[in-house]
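Chemist: Pasting a structure below so you can have a look.
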């Protein structure tokens, strides 16, 4: 592997940057600032670097993801327990698709993605009592999928639902539980039903406190996982999810690296979000770039295009 270089792409000063998505048609990164209640569009140049153009949609509720629809008519966003399509130009809600867990009013969707067939997959969680360790959250979250018509429940008893993605062949789903035991699980993935089975531990973050807490993740074209770790060494780690071996560790000069995705015209740049949530003035002074978006080049590996949401049944 080549020598990686970590660079600041945009000093965004995000409260809680999350959910990076590379849109190749617009050659831009779409990401959310959850606590800042915004969806952001960061334009890239022909090399995958920043063009210094960032457009912000200010919303009335906290979004946790923003994924383009296949029709081109909007963005799929989560707003608390709701799944909605919003106008990409002004942020207006065009359609509320579903709402889950009405009996758990404080729960909300956290990290979410779409599979190769354009179905939504996302986990819910309850708000934490604190934003810094030791974090306590009731394990009353669940993992769901939605095909544009019906919602399907797959996994109960989740504390902090976080990063998820699929293997390049689409046969394995990876899903993160950030609370103890701090595992990234792998599941056999049945694309036709859809269904998950054979839950096992792919990566165990409980073995070393310096690893921190696993947050957002993405797969690369070789089937390895890139995981943002917060509340530890503030790192991005490349893992082999089959053996559990740590292959590469990169330090990011921020308090809270939160999510990552591959993008750029050649999908050879890794982008990383971060945040300042739960940080005091001294910590922010020590890590002034916290809340920025970063690019990592020279990795010698490429990523996979992200999946759009199939809204054909919702229009």
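Please read every residue number as a count from 1 along the shown chain.
From the backbone N, Cα and C atoms, a Cβ is placed for every residue, glycine too.
These figures come from a predicted structure and were not determined experimentally.
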Chemist: 18, 162 show up in TrEMBL as binding divalent metal cation; which entry in 115, 190, 204, 215 does that record put in the same site?
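Modeler: Record source TrEMBL; matching candidate: 215.
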Chemist: Express the distance between the Cα positions of residue 215 (active site, proton donor/acceptor) and residue 110 (substrate binding site) as a whole number of Å.
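Modeler: Distance between the two Cα atoms comes out at 11 Å.
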Chemist: Residue 18 (divalent metal cation binding site) to residue 110 (substrate binding site): how many Å between their Cα atoms?
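Modeler: With the alpha carbons as reference points, the distance is 10 Å.
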Chemist: Report the same-chain neighbours of residue 162 (divalent metal cation binding site): residues 6+ apart in sequence with Cβ closer than 8 Å to its Cβ, ordered by sequence.
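Modeler: For residue 162 (divalent metal cation binding site), the qualifying residues are 110, 111, 123, 176, 177, 178, 214, 215, 216, 217.
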Chemist: Other than its own, how many Cβ atoms are within 10 Å of the Cβ belonging to residue 18 (divalent metal cation binding site)?
Modeler: 26
Chemist: Give the sequence-ordered set of same-chain residues, not counting 18, 162, 215, with Cβ within 8 Å of the centre of the Cβ atoms defining the divalent metal cation site.
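Modeler: These residues sit around the divalent metal cation site: 110, 111, 163, 176, 178, 216, 228, 230, 258, 259.
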